[in-house]
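*Asks:* Sharing a structure here in structure tokens format.
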Amino acid sequence: MELEVPDEAESAEAGAVTAEAAWSAESGAAAGMTQKKAILAEAPLVTGQPGPGHGKKLGHRGVDASGETTYKKTTSSTLKGAIQLGIGYTVGNLSSKPERDVLMQDFYVVESIFFPSEGSNLTPAHHFQDFRFKTYAPVAFRYFRELFGIRPDDYLYSLCNEPLIELSNPGASGSVFYVTSDDEFIIKTVMHKEAEFLQKLLPGYYMNLNQNPRTLLPKFYGLYCVQSGGKNIRVVVMNNVLPRVVKMHLKFDLKGSTYKRRASKKEKEKSLPTYKDLDFMQDMPEGLLLDSDTFGALVKTLQRDCLVLESFKIMDYSLLLGVHNIDQQERERQAEGAQSKADEKRPVAQKALYSTARESIQGGAARGEAIETDDTMGGIPAVNGRGERLLLHIGIIDILQSYRFIKKLEHTWKALVHDGDTVSVHRPSFYAERFFKFMSSTVFRKSSSLKSSPSKKGRGALLAVKPLGPTAAFSASQIPSEREDVQYDLRGARSYPTLEDEGRPDLLPCTPPSFEEATTASIATTLSSTSLSIPERSPSDTSEQPRYRRRTQSSGQDGRPQEELHAEDLQKITVQVEPVCGVGVVVPKEQGAGVEVPPSGASAAATVEVDAASQASEPASQASDEEDAPSTDIYFFAHGRYWLFSPRRRRLRAVTPSHTGAPTDGRSWVYSPLHYSARPASDGESDT
């Protein structure tokens, strides 16, 4: 472990000396002369035309005479090269060591390696100035990377294979931002106090990620330091919240406060300005509308993250919100008359787990699983007040600000001049409560018109939609309702009531039907009830192996009844008639007269011819009255007599059989083993 001494610029907390303070210093002081020379060197020439941002300095970030960005007077190209050399060596060296559990002392270990310009037996030669590269808590950060599914080779390929890209609009923090060419990681320079606070935060951060990796908090993948020329430049590697391949039409930095929370005129002149709270409330008074499941998942994630930040006494953090307007991009493409560059190079999903906004609130990805790739690029589907389809990319940023003495003093001073509840700097408990209330009530709102449907990942997961184009996404009207009475299986087929659900089977299956067969084929029920399910032909039904059998009884030549076992024709259904026990039932005729049905104990079933086209219709329970009654007469034998029942005419009458004991028209008689008591069933196949 090494003890670091902060450089003289960092010890001042302000980070840099302004030009006015430098010119007012005493001319005889050596420090004042040094600062004057530095400022004069960075000042633009009088005869030349200054470039954009030339000669201006914000914190440690500045621009040299050639127009290149500098950080602590180190050029951006030098800093990028040193970062890639250092990370390439440390990560490669760490991957050769065996993995082990994270120990408490691992959070405070600092490894250091010297990189001379001429090279050494461990480091390659380079054309930069000699520098020392430090890695903070390498074992702990290796665990974090594994937790998010980032392999060492992928980490090295993203950071070291191609040059880093500097962001042109870094913000007002005075930091320099780099993004990898694959949009996977962001590299940000941090202050000494911020790096120190992150080191203290690591044990609690480790515990929080173990409990729940789905969070909107920054995902830290590494903390490093480049030491050169007496300067310590500390950088942190994080997840990229706003991918460059997705065009952001709006960008907001939201804190939940109102004091000076409006974008300046200078900021609005930028190509992609960063708007603030008052701008959001003015431009989007209706907020961002989400469906109920998405809103619930987002609110729970925000609530959990706010509690974590409050427990660490963190404040002054923000919600970075990027809005991609799908409808606006389609209008822009139609106006241009050609496809944009986004179509030429199809976006590739991020490799890290839980790195997108959609995964952070929804989950669904586990360690080692492949992430579903769709054209939403991890954005959260939403709708604005005008009904336009949006994709939201969100994340909580700037969490390395603790409520120290300087922040307490800042809040006290601002509270004396303005309303203390409106300023951004506040105690952590109040800040977290105000932040959560603003996000859950003003920014994000639940819309009753937007409904989600349970997907294959279970209830609460977002609706999985395969878009047709790079900017296609589901709209509000295309999302089916979640509270539907009709159940859908994975194939989208509707499930009808099965034989076991009715409780009174009339047909005995040869073999127990599978789950798919049970949901795709229904079985006949009793005629006394109002439901009549028409079986559908299943792929397992064949003429050689029918699914159902039935018994028939007929009179032989000697006058004795005979039983026969037949394979059930799939073009027929068997209906069983069950009179009420002990009560005579009168079936009215057309003129109102009736015939008394014999008492209980009589029961039979008949074969009813069904048209083949009717098998594709809905169950007869959805119809009623005479229109749904079978048109074919039903013959049955009860109490020593033959009876004929006409469902269409609702008439029951006794008939006289022929000398052979069978009906005159040659119809077959169906035997029901549940109610026929003259002869017990003896065939073993009837019990299958």
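Just so you know, glycine gets a Cβ as well, placed from its N, Cα and C.
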*Asks:* Of the residues SER77, SER264, SER424, SER682, give the one that Swiss-Prot describes as phosphoserine.
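*Replies:* The phosphoserine feature in Swiss-Prot corresponds to SER682.
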*Asks:* Look through SER540, SER554 and state which residue has the annotation phosphoserine in Swiss-Prot.
*Replies:* SER554
*Asks:* Please identify, from the modified residues LYS265, LYS268, the residue with the sparsest Cβ neighbourhood, meaning fewest other Cβ atoms within 10 angstroms.
*Replies:* LYS265
*Asks:* Tell me, what is the mean pLDDT of the domain 'PIPK' (75-443)?
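*Replies:* It averages 84.
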